Amino acid sequence: MKVYKCFRILGWDFTITPVRFVLTGLVALMVATVVLRLLTGFQYVTNLTDETPWGMWIAFDVMCGVALAGGGYSTALLVSIFQYKEFHVVARGALLTSLLGYILVMAGLFLDIGQWFNFWRPFVSWGYTSVLFEVFWCISIYTTVLSIEFFEIITERILRKKLHRYIVKILPVLVVIGLIFPVMHQSSLGGLFLIMKERMFPLWWSEFLPLYFLLSSFFIGSAMVTIETTLAKTAYGHEIPHNIMLKLTRVGAGMMFVYLLLKLYDLFEKHEWNYVFQGTLQSNMYCVEMLFGILIPLVIIVSPLSKKRGGLLTYATLTVFGVILNRLNCVFTSMYESGSYFPGIGEIIVSVGLISLGVLIYCFLVENFNIIGNERAVQVKIDKDKDIKNLIWALLRTKRR
Amino acid sequence: MAVLVDITKCIGCEGCTVACKRYNNLNFKAKPRNVKDDDNVELDDNRWTVIQEFHGEKNDKLRFVKKQCLHCKEPACASACFSKAIQKDEKTGAVVYYPDLCVGCRYCLVACPYSIPKYQWNEQFPQVSKCQMCSERVSKGDAPACVSACTTGALMSGDRDELLKKAHEIINSDSRYINHVYGEHEVGGAEWLYISDVPFEELGFKDVSNVPVTSYTKSYLSKVPGLAACWALFLSGIAFYNYRVDKNRKSHDDDDQDKEG
Ligand code: SF4
Ligand code: SF4
Ligand code: SF4
């Protein structure tokens, strides 16, 4: 039976596909786990210990989430400040992904703090000596700004008369503010690790950490936009000219080159080459990270391979992989002493559930608002039955199966 | 207030760990959560201090090392806390944790160079746990509970400068001692000082540099406001420029239209 259906209820499009059924199931599973976690603490849901007090939620959901959401600010920077007008076609999509990314990051953070009813403390009890304090404020402010920016798109359709005008008016200011904070906290996420000098493996610790995190968030951002547009193309048949994507990724690759130079400078300056080829877990992970995450992508982007879609996609995938690996390495590998950590089933369920939730919201918004270029995107291969009776019918039928 | 630990005098009677548990109402029945490869018990949420056993490099010397928070002069944990739930008491020098302010982000656990703070993983609303240097006793002028309980004189409390002087006197008068007071300069110095006749590396002490780790965050954070301001100025400058260019272009277009009209 085919459950590819799109229903219009009260003017809103709801699409049902088998994939989305699965995603909804995952979200439900997550909700149950979250309730368990908030009521019982960490013991049943996570594998955290005193040796790895920061686990998957921090390393993957927060560190990688923020990095992946870098696409929003990097595109906005290019479009509105450096006037790369042709990137405008991807700006809204990137904005939406960033917003979702940040909301999920906040959710992940909230779950990860032990006394979650105390989450507002840093707003009043200012631990200004902490880099985390800055990250906390910046992420809070930036998420707010992003939401208002995104509201512009929402109000194109609802509350158009009442709100849209005002939001459009303050938009330029918001764009500028919305470019200050992400730059600050992307680098501060790297700054978090500065204080761990005595605990991190020397290959990862450097005074340049803030700069590394900033640069890498920029190039993972553009790589992510490439992946998103490819996904959007398969799902919604909405194509963006290859040369625009290529140009966008080239800007990112430029940043990546600077990153590489800095890393090399660091290695020479601190005489750390012996660590690189030590053959231990840490040095091997470092080599994998640099080779697959930086060197190979750079080769791809300067070679003729980048002219092909597949080549560009490989570049983007490797880059994303590399930065994610870098974040995981910073949190886990570099501080590895003894005892091993593998995320508990609960941690995985929550992370997967959060991502599923993000995908579902993304699809819903894209299908109802003008985000990827048309008023309402429609998933390809879809039956256009638009009737509430059919919705119930379809639900019943899937249940019976 | 500081404490000097003379490792040569400790007989491993565990009097101090019992005193600590009693005074701080910790759970006596809790099983050790963290046991190291060499069978030594590590600190955990019910063990703010532990005695660890070491046998020297050639397995010929038995030494006991009391482990607890060192109460750094530049505490990384306090500097890392974004809600000021860990603060260094100016008067006593104790680095004290205030559970009411704690959010539970565990940044302090990762920030401490010695991995001292631990977490109550089995609690519904867990808190951080670490030695508080019995700050209430100390502020009244008493010695910490563990120091009072020590019968062999391995633990001595007093003014830090005086204890340092004493430590160096002991080292100089007795050739067995290693010429190093652990805690004098380590990551900026600490209130707890150790002297020993066995090299510290063999006793599980971490070899750390003398630069306080907080200096890196400090120098970074001091640059942030300036850089952010420059960046903001730069952005608004360009944004304004773009805006003017747009406006001029528009009025040009309008002019053109006027002429045509
Ligand atoms: S030893 Fe660790 S927990 Fe104790 S004061 Fe120093 S940084 Fe803080
Ligand atoms: S866990 Fe609590 S005490 Fe430690 S840094 Fe976070 S808020 Fe501060
Ligand atoms: S100073 Fe107090 S809290 Fe710290 S180890 Fe001694 S008895 Fe325990």
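Here the Cβ of each residue, glycine as well, is placed from N, Cα and C on the backbone.
Noted in TrEMBL for the protein shown:
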{"type": "TRANSMEM", "residues": "A:21-45", "note": "transmembrane segment"}
{"type": "TRANSMEM", "residues": "A:57-82", "note": "transmembrane segment"}
{"type": "TRANSMEM", "residues": "A:89-111", "note": "transmembrane segment"}
{"type": "TRANSMEM", "residues": "A:131-154", "note": "transmembrane segment"}
{"type": "TRANSMEM", "residues": "A:166-184", "note": "transmembrane segment"}
{"type": "TRANSMEM", "residues": "A:204-227", "note": "transmembrane segment"}
{"type": "TRANSMEM", "residues": "A:248-265", "note": "transmembrane segment"}
{"type": "TRANSMEM", "residues": "A:285-305", "note": "transmembrane segment"}
{"type": "TRANSMEM", "residues": "A:312-336", "note": "transmembrane segment"}
{"type": "TRANSMEM", "residues": "A:348-366", "note": "transmembrane segment"}
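Per-stretch counts of Cβ pairs under 8 Å to the transmembrane segment (A:204-227) identify A:248-265 as the leading one among A:21-45, A:131-154, A:248-265, A:285-305, A:348-366. Long-range contacts of the transmembrane segment (A:89-111) within its own chain (CB-CB distance under 8 A, at least 6 residues past either end) are made by residues 34, 37-38, 57-58, 61-62, 65-66, 68-76, 79, 119, 139-140, 142-143, 146-147, 149-150, 153, 221, 224-225, 228-229, 232, 240, 244-245, 248, 350-351, 354-355, 357-358, 361-362, 365-366, 370-373. Remote same-chain residues near the transmembrane segment (A:21-45) are listed as 3, 111, 114, 116, 344, 346-347, 349-350, 352-354, 356-357, 359-360, 398 (criterion: CB distance under 8 Å, separation of at least six residues from the stretch ends). Packing against the transmembrane segment (A:348-366) from elsewhere in the chain are residues 14-15, 20, 23-24, 26-27, 29-31, 33-34, 37, 45, 56-57, 60-61, 93, 96-97, 100-101, 103-104, 107-108, 111, 232, 235-236, 372, 377, 379: each is 6 or more residues past its ends and has a CB under 8 Å from a CB in it.
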